[in-house]
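Novice: Dropping a structure here in structure tokens format, bear with me for questions.
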Amino acid sequence: MKTTHLVLVLCFLAGVAQTTLALKEEDCEVCIKTVRRFAASLDDAIKGDYKQIETEFKKFCKTQKNKEHRFCYYLGGLEESATGILNEMSKPLSWSMPAEKVCEKLKKKDAQICDLRYEKQIDLNSVDLKKLKVRDLKKILNDWDESCDGCLEKSDFIKRIEELKPKYARSEL
């Protein structure tokens, strides 16, 4: 009787440990979102063949930018990629493994895959520009493909952003 209770308790604890160790979306957001988007773009005819999945992933990577492009580089989906662990993604996808599990396997092979993070968007309607760093102010202008010629001081960048704000900032209704 005591042995069965002990076995049940151990099984329960193992299950709890397994769910707490599972990869969460915020722990590996770029990988999970990219793998989900890629898997959703695949035709049913391709989903079972890992070689075709790899070919499609290389095509998919040619259109990616920023963090997704870096993710493709890490996996070996780009011509200039130094390493290639593409089969660590394509084979599990061919078995219909969920994106979280695929990224968990990829993280074991290359931890930097889960170091990729999307940059947090700044809400220009509620943020106090004076409290932002100059680097963040420059990033706002860069995201808008705008420049600030002659800007030296923080106040110069703030003034330029305020001038352009009506053109780029979305107002909530």
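Don't overthink the numbers, they just go from 1 along the chain as shown.
The backbone N, Cα and C atoms fix where each Cβ goes, and this holds for glycine too.
Annotation comment: Swiss-Prot describes 1-22 as signal peptide, evidence class sequence analysis. The disulfide bond annotation in Swiss-Prot covers CYS28-CYS114, CYS31-CYS103, CYS61-CYS72, CYS148-CYS151.
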Novice: Checking your reading of the structure: which of the disulfide-bonded residues CYS61, CYS72, CYS148, CYS151 lie inside a 10 Å Cα sphere centred on CYS28 (disulfide bond)?
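Specialist: Among CYS61, CYS72, CYS148, CYS151, not one has a Cα sitting within 10 Å of that of CYS28 (disulfide bond).
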Novice: Taking only C-alpha atoms and a 10 A limit, tell me which of CYS61, CYS72, CYS114, CYS148, CYS151 are near CYS103 (disulfide bond). These are the disulfide-bonded residues.
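Specialist: Qualifying among CYS61, CYS72, CYS114, CYS148, CYS151: CYS114.
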Novice: Given the disulfide-bonded residues CYS31, CYS61, CYS72, CYS148, CYS151, state which is nearest to CYS114 (disulfide bond) when distance is taken between Cα atoms.
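Specialist: With Cα distances computed to CYS114 (disulfide bond), the winner among CYS31, CYS61, CYS72, CYS148, CYS151 is CYS31.
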Novice: Based on DSSP, name the secondary structure state of CYS151 (disulfide bond): helix, strand or coil.
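Specialist: The residue in question, CYS151 (disulfide bond), is coil (DSSP, three-state).
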Novice: Sorry to bug you, but what's the C-alpha spacing from CYS72 (disulfide bond) to CYS151 (disulfide bond), rounded to the closest Å?
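Specialist: Between the Cα atoms of CYS151 (disulfide bond) and CYS72 (disulfide bond), the distance comes to 36 Å.
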Novice: Taking the Cβ of CYS151 (disulfide bond) as centre, how many other Cβ atoms lie within 10 Å?
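Specialist: Taking every protein chain into account, the count is 17.
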Novice: Hey, which of the disulfide-bonded residues CYS61, CYS103, CYS114 is the loneliest by Cβ count within 10 Å?
Specialist: CYS114
Novice: Can you figure out which of CYS61, CYS72, CYS148 (the disulfide-bonded residues) comes closest in space to CYS31 (disulfide bond), comparing Cα atoms?
Specialist: CYS72
